[in-house]
Amino acid sequence: MPMNSKTETDPRALVQSPQDFASQWSLIWIAFRRHRLAMTGAIIVLMLYVVAAFSEFLAPFNPNATSAADVYHPPQMIRFIDRHDDGGWSVRPHVRSLTAERDKFTLKTTYIVNPDEKIYLQFFGKGDPYRLWGVIPMDRHFLTTADPSERFYMFGADRLGRDMLSRTIYGTRISMSIGLVGVTLSLALGLILGGVSGFYGGRVDMIIQRIVELVISLPTIPIWLGMSAALPQDWSPLTRYFAITVILSLVAWTELARVVRGRFLALRTEDFVTAARLDGCSRKRVIFRHMMPSMVSHIIASVTLAIPVMIIAETSLSFLGLGLTPPIISWGVLLKEAQNVRSIAQAPWLFIPGGAVFLAVLALNFLGDGLRDAADPYAQDTHQ
Amino acid sequence: MLFLYILRRIAWSIPLLFAVSIIAFALISAPPGDYITSFAATLSESGDVVDQARLDAMRERYGLDQPFLVQYWHWISNAVQGDFGISFEWQQPVSTLIWERMSLSVTLALATLMFTWALALPIGIYSAVRKYSIGDYVVTAIGFLGLATPNFLFALVLMYIAVVYFGADVSGLFSDEYQDAPWSWAKLVDLAKHIWIPVIILGTSATASLVRIMRANLLDELHRPYVTTARAKGLSEWRLIMKYPVRIAINPFVSTIGWAFPQLISGAVITAVVLSLPTAGPLMLQALLAQDMYLAGAFILLLCCLSIIGMLVSDILLAVIDPRIRFR
Amino acid sequence: MTAMAKTAATNSTVLELRNLITEFVTQRGTFRAVDDVSLELHAGKTLCVVGESGSGKSVMSRSILQIVDPPGRVTGGQALLHRHRTARGSDFDETIDLLQLDPKSKAIRNLRGRDIAMIFQEPMSSLSPVHRIGDQVGEAIRLHEAVSKKEARERTLELLRKVEIPNPGKAIDQFPFEFSGGMRQRAMIAMALACNPTVLIADEPTTALDVTIQAEILDLIRSIQDESDMAVMFITHDMGVVAEIADEIAVMRFGKVVETGDVYEIFEKPQHPYTQRLLNSVRELDHPSARRLEMRETRAIGEPILVSDGITKVFGSGKRWFGGEVKGFKAVNTANLELRKGENLGVVGESGSGKTTLGRCLQRVYEVTDGRVLYTNEAGQERDIAGLTEDQLAEPWRDIRTVFQDPFSSLNPRMTIGQIIGEPLVVEGKLTGQQIRDRVHELLELVGLPASAYMRYPHAFSGGQRQRVSIARAIAPNPRVIIADEATSALDVSIRTQVLDLLLDLQKRFDLSFILISHDIAVIRYFCDRIAVMYRGQIVETGDTETVCQKPQHAYTQSLLSAVPVADPRVRGQKQRVRYQEAT
């Protein structure tokens, strides 16, 4: 029921919201802020990208440093209260040291807590040298051992004694960025094809629609597998990374193209677009000044929802050994270590990168859902 | 009207099948080198002498030296007669290797689809009708968890729990004694005992997304004027919802077969590897890695065909239940 | 009216509303949509509930059967149904308070559709698109009476025949989308009549229909009422319809009933100022505007400036992929029309008559399939704009401007009012930023909007105000011709005249010429000097507005005019209805 006769004051009218001067983005922000889950998601996503941006600094060790003595070293808990032998205490982060013992008969290694020995940790301490973003040489880490020759394992160690925390942090960079880069590629494809399809209509639209239909009817995973298997084995890790991204986006662009085309078609018939044409706007101005602002928020929402799909796809491919391969570290590559029951039964912490996938996908889904709901602040609420 | 629509729809899937078969063949012939190259590599690794003349002879025998289109024509014209060529690795006709695995794949996908529907439909209706109730929140939360877990991770976690806490092995589709046994009633029962674990693993995320779709669709329909009309007629709330909004909200639901079925089939590939199921997935993966092109090609082609058939079936079903489509 | 005589002796009140209150509880607070409404419905009589959009009349009608959509809820009052006073009623007093019943209980469900039936505004969306007509109508019978499927089908056929649906045997198995709007509404009525209800509540049942169809539906409802002694509550915003069918009237405003009474009394001596104003604006509309007549005396109408020379527009034709031609839909068929300088030309027609397409062709928004569009510019040069490309059209488009129908979709919600009005000036690029701002402020004042509107977004304005923005945008580049396509149709009656008067004032100041496209004869009569009547893509009649309205020549014009309800209950039944059958 439309209630908009403001010419005469309706005594029953509710207090008008002070949003008469609010632009699209402030209205979206108002709607989005109410969405608590989406806000939580947004914060988590932001944190993940911060981790991805500063992984060298945040990781305590070089992720490829092996330690034969620490094979399948279990996770250690960080303690902050340090009790001294004399009964006093101070605040100093440390972990309890574990020593490996090998059973003579079964040859199974077990780790036993060594109560006397503590490994002290230090914030912003010196550790393995690295180059931040491959450029700035540094050796400070957010949290590392006070004595650079010692190691600690918050997330445990893998079968070569590599620190899982550092590896998961480095994996964040690759996994989160492959989602972003892949989505950018499919967005470019989707925008161009969807936009052309929606703007020109007619035969062009029909041909593009048929192509979309064909791509949709392909079963994604076998095609992905087939394409990745077709990649030459001798490519450099970076080339392979981009090749995988391209493969992922080749299949994923259809959904974005569909959204873009749908919005374009819907908008084209809106009176305000005709009005803009009659105002004498050039085609470019009609699209970019009048139509784009109505599409951007929808596109951002769809893009956000497409990133988790990419992340899962990359993880799955790498898990099977057809996606990224070592020495690149991604969550999928890490999970490949957890492929058989025997190793996970022995070292369940190998699942931790899976937890990261789960967290990222969940957060991005929440964020995307919230954005989608807030994307059109002008949609009429049908039931008041 | 309906008949014409179905005919049109079937006619359209023929060029689609054709296009898909070209893509499948292009994929398997894309890797640089061919099976003979990797065969030679294996030979030299193991220290055998590689005889170039012998390799050329093999190439010629398998027709690998011919141009792409000739090879493709050769392959597809035999494939439509059920002959998919020979698996290099197994040295057997591909057709003897794939059918049992394909049928198990289809069985698994169909079972999962049923499971998904049986669960998603009532839950979706419930959470739309009782919007914002505690039940709705629980369902939504579980749905999000289901969506956020990659299938293979879920499979791994389940296996871990089974091994560590129950000491049971949940992989495979058959017990050891039935592994290679011929088909019998007992084997079927054994299959039923094993299949539910992969069904749950595969079905969870599909169920989660279907519940979300059903809920959203039904919420859209619940306040339409025709619902008010039906209510004004004196229909009881329950019958009203089932007869009108659900009937209409189910349309997009039916069309999900189109994508859910192919997704289940292709998603099952990874899960099958983790759970070492005797379905198409693991063998296809192996074939792809070994560049066993005819075997891999047959799997890719058949999986693509299944997807297209799934789309076809869902479009036809949609036309059957929604008169507006067939009159368009 | 035999039914009236029969019940006149006894108390004939069948439904009584006492102090009905319905509220919508939202996050922003409680909104009282229906505020303390008391009404009576009498057997065999029609009560018209009149009010503008948002007056709560529709919610009130739904409150009676407790079918208000959430979060709406009936929170107070009584709705007494006197079942003993109806045809099937018993001797002892059987009065039910509908509002005491649980909205989901069997008790109230038994009354819905059997004692009280409803029909709704949108005949398309009010019927389920995927169920057959027979199923939906028959369901109403089978819900309340124990009849077999076969019997229900027989009765359904009978009902379809009763509501004059042609070929009921075929219609019963058809789907709603195979029906025209009028036929769908007939099916809705058949459904409502399934169990011979005591009370029929009709919520704007003819608003979405063309006038000729509206007249047929009104005839149908009246004839059915004559046969039974059904009480009808008819909700409408159209005073013409009220005058045509009402026995009693209740005027609603802001959720309250401000006035009730006999139809003749209210039309002759309205008591409440709101009713007076409503009737005045309706009466005013049906006559030539005094402003316009006055203006024409001082300034004569000039030479033709925009001429449609045999325009034909065909949609969707073309070649198929594999040979063969697709025959398109001919929306406009060789239309000849001329707009003279300083004149207001009305184009009238029903939905699908091609009037909007013609308007868009005249402005060259659509490409013309055949014919010429001759525009004479300020310098007196005549030019065919039909053949121009989009780039060449910039100049004619500054001279020929548009006011759109839908005040909601014609303003970009993401731009401020200042940006929207200034857009044509910005694109033209002749003025500086400051000059454009000054000009927009000047335009705002011209159309009667406060200067503070400049920085606001369209969502802050009502429909009437938005239409003023649209007008300001249209006159921004100093145009000569304005094509207004149903520019007042989405507005309430009282605002309609204000907008038309604004256009006339602007005409006086800037020497504009108007083409007003409308389905509403009253608006055309008020605003236009000449009129062109369109029917199925063809202009069937043109001429001076008053001459055509009083002495229509073409048979279609006659039928159209005879179908228009007159806002005067005393002339009811005097007008001879003409049905137009196209010669095939």
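Cβ atoms here come from the backbone N, Cα and C positions, even for glycine.
Taken from TrEMBL as is:
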DOMAIN    B:102-312  domain 'ABC transmembrane type-1'
TRANSMEM  B:12-30  transmembrane segment
TRANSMEM  B:102-125  transmembrane segment
TRANSMEM  B:137-168  transmembrane segment
TRANSMEM  B:195-214  transmembrane segment
TRANSMEM  B:248-274  transmembrane segment
TRANSMEM  B:294-321  transmembrane segment
Should anything in the same chain at least six residues away from the transmembrane segment (B:294-321) have a Cβ under 8 Å from its Cβ atoms, list it; otherwise answer none.
2, 5-6, 9-10, 13, 16-17, 20-21, 23-25, 27-28, 75, 79, 84-90, 94-95, 97-98, 102, 106, 109, 247, 250-251, 254-262, 265-266, 280, 283-284, 287-288
So which of B:102-125, B:137-168, B:248-274 has the most C-beta pairs under 8 Å when paired with the transmembrane segment (B:195-214)?
B:102-125
Same chain only, please: residues at least 6 beyond the ends of the transmembrane segment (B:102-125) with a C-beta under 8 Å from a C-beta of the stretch. Say none if there are none.
139, 173, 191, 195, 198-200, 202-203, 206-207, 210-215, 218, 241, 246, 250, 253, 257, 260-261, 264-265, 268, 272, 277-281, 299, 302, 306
Folded-back contacts onto the transmembrane segment (B:137-168), same chain, C-beta under 8 angstroms, at least six residues removed:
123, 126-127, 197-198, 200-202, 204-205, 207-209, 211-212, 267, 270-271, 273-275
Give the nonlocal contacts of the transmembrane segment (B:12-30) in its own chain as ranges (CB under 8 Å, at least six residues past its ends).
68, 71-72, 75-76, 79, 293-294, 296-297, 300-301, 304-305, 308-309, 311-312
